[in-house]
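**Q** Pulled these from TrEMBL:
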{"type": "TRANSMEM", "residues": "B:12-32", "note": "transmembrane segment"}
{"type": "TRANSMEM", "residues": "B:44-63", "note": "transmembrane segment"}
{"type": "TRANSMEM", "residues": "B:70-87", "note": "transmembrane segment"}
{"type": "TRANSMEM", "residues": "B:93-116", "note": "transmembrane segment"}
{"type": "TRANSMEM", "residues": "B:123-141", "note": "transmembrane segment"}
{"type": "TRANSMEM", "residues": "B:161-183", "note": "transmembrane segment"}
{"type": "TRANSMEM", "residues": "B:213-232", "note": "transmembrane segment"}
{"type": "TRANSMEM", "residues": "B:244-261", "note": "transmembrane segment"}
{"type": "TRANSMEM", "residues": "B:268-286", "note": "transmembrane segment"}
{"type": "TRANSMEM", "residues": "B:292-311", "note": "transmembrane segment"}
Amino acid sequence: MSNPNGRDILLDCRDVSLTFGSVRALVDVSLTARRGEITALVGDNGAGKSTLVRCVSGIHRPDSGRILFDGEETAFHSPEDARDAGIETVHQNLALVEDLTVWQNLFLNREIVRRFGPVALLDRRAMQARAKRMVSALAVNVPEVRSRVRRLSGGQRQAVAICRATGFSSKLVIMDEPTAALGVQETARVEELIVRLRDEGHAVLLISHNFAQVMRLSQQVWVMRAGRRVGGRRTADTTGEEIVGLITGAIEN
Amino acid sequence: MSVAARLKDPAFWAEWAALAGLIALVIVFQALNPTFLSPGNIASMLVAAAILIILAVGQTFVIATAGIDLSIASVMTMGAVAFGLSYTAGWGLGPACLLAVAAAGVAGAVNGMIIAWGKIADFIVTLGMLSAASGLALILADGKPVTIVDPVLLRLSTGGFGIFGWTFLIALAVAVIAHVALFRTRFGTHLLATGGAPESAAAMGISTRRIKIAVYSISGALAGLGAILLVARVGAAEPASNTSFLLNSVAAVVLGGVSLFGGRGTIVGPVIGALLLTALVNGLTLLGVAQFYQPLAVGIVVVLAALMTRFQK
C-alpha cells in the first residue's frame, strides 16, 4: 500500500502559512496524504491542526504556500469548491442541521432536483431512496432517513456525517476528532467505517487525540506544534512515546 | 400517539396554537353574534386579512433565518408612496405596480446586504430602515396622501370569486408559492439550514450571505405587493406609519408556530395566524368593543402564543 516514490500522493501541502492578526496559526506547514492510507494529524490543542484542515477544505485561504490536490494546484474560495474537487470533511461539530431530516442533511447543497421549465423542484423521493441505500451501508444501527437529526444518538449523527462525506465520489475524507464524543461501542463502529473507507481507496486525513487509535488505524503520522509541522513518521516505524515526545517538544525532529 | 395523548401534549398545542385559537375565536364570536359567520362578513374578513398574510409570509422567510424585519410596514408605506407618485405622474397602472414592488424590494435588499456584509444585528439594521423608509415616504409625498382612482384597482379591492375577494386570492397564491419555495426547492432547504445552523450550512458550501440578502429582498418585494393592495383598499397612497402591520406580521408568524431562533417554520401557520388576528379584530368590532381595546387584545394573544412556543419539541 505504501509507496516510497510518492506516486500515490493525493494531498500535498507545501509551506502553507496563515496568520490571524498577530497570531501565526500556520508556519510553513508541509505534509502529504496518500490514497488508500489513513494519515493521522496529531498535536496539542491550538497546534494548528484544525486550521490546516480548514485551509484544505476551503474555509480558510492560506496567506502563502501551495496546496496540491490530485496533482493540481488548488485555490479554493469556498467549501463548495473543495467539495467539488472531491474533498469532504467531517467537522468536529459534524456540521449537521438538527432541524432537518437525515436525508436533507445527507444531500445538503447536493440536492437532486427535477426541472420544470424555469423552476427546479426537489426530487424528494429520489433523495430519500438514495439516502436509504447510503445509510444502510453503515455498520451503525441505521437511522430512519426521514427522522430529524435532533432525534439521533451521537453515534448515529457521526454515521450520518461520515456517510455524507463518503457518499459523493470523494477522494479525500478529512475527519476532525470523529470519535471524541462517542462511547466505546460507537467508537469501534466508527473506526470500522474509517478502515472501510481506506480499503475502498479513499485517502483519509484523521485528526485525533487518541494515540491508541492513531497507532491502530494510521499508516502515516504528522505531528504539529505551535503552528509548525514538527515531525512525520511512518506509523509502523514509530511508537506512541515518540509521538508524544514530538507533540510536547521533548523530542526535536 | 393516540388522540387523547396528543391532546394532553403541550407540544401539540404549541404546533397548532394558531388553528386552535382561530377555531376557538370563531366559536365564541359566532355564539355571541350570529352575523360573524355570514358570507358577507367572511368575505370581508378574508379581504382584510390579505395584506397581513402577504406581509406575514415575507416575515416568515426572514424569521426562518433567525432574523427579523422591523422595516416591513414602513417599506410597504414607501412602496405605496412610490406607487402613488408614479401613477399620478401618468406612468399607468402596470409600471406603477412594478415600481412599488421594485422600490420596496431594493429597500429589502439594502437591509439584507448591510446585515450580511456589515455583520450588524438584523433588528438594528431593519429598525434603521423602518425610520429611513417612513422618512423617505414623508419626503417624497410631502406629507400628504395622494388619492388614486383607478377602475382596475377598484375591481381588485371589491371584486372576487364567490366569498373570496381577488386580494385574498392573490395572498393565497403568494402563500402557495412561498410554501413550494420553502419546502420543495434547494433555496428553501438552504434557507432553513442557514437559520437552524449557519456554521453547518457554511461548512457545506452554502452561501449564508446570499440567503440572508435573498430573504430580506423577498420580504421587501412582498411589502411592495402589499403596498399595491393597500392603495387599492384605501383608495389613496398615504405616507402613514402602518405600525400595526409590523406588529401583526411578527405576531402572525409567532402565532403560526415559527421559531424565532430560526431553522424551522411553516407557511400555513403564519397564514392561519394572520387570519386569527384579523378575525379577532373583526369579532371585537362586531361585538361593539371599543377600538382602543383591539391592540390590547392582539398583544395578549401574541404573548400567550409566544409562551406556548416554549413547549415546542
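For all residues, glycine too, the Cβ spot is worked out from N, Cα and C.
TrEMBL annotations: computationally assigned, not manually curated.
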**Q** The transmembrane segment (B:161-183): which same-chain residues, six or more beyond its ends, come within Cβ distance under 8 Å?
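**A** Tertiary neighbours of the transmembrane segment (B:161-183) are 39, 42-43, 46-47, 49-51, 53-54, 57, 60-61, 64, 155, 191-192, 222, 225, 229, 232-233, 265-268, 271.
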**Q** Under a criterion of three or more Cβ pairs within a distance under 8 Å and sequence separation of at least 6, are the transmembrane segment (B:44-63) and the transmembrane segment (B:268-286) in contact?
**A** yes
**Q** Give me the stretch from B:12-32, B:93-116, B:123-141, B:213-232 with the greatest number of Cβ pairs under 8 Å to the transmembrane segment (B:244-261).
**A** B:12-32
**Q** Okay, the transmembrane segment (B:93-116) and the transmembrane segment (B:292-311): do they have at least three CB pairs under 8 Å, pairs separated by 6 or more?
**A** no
**Q** What parts of the chain pack near the transmembrane segment (B:12-32), using Cβ distances under 8 Å and only residues at least 6 beyond its ends?
**A** 6, 255-257, 269-270, 272-273, 275-276, 279-280, 283, 286-287, 301, 305, 308-313
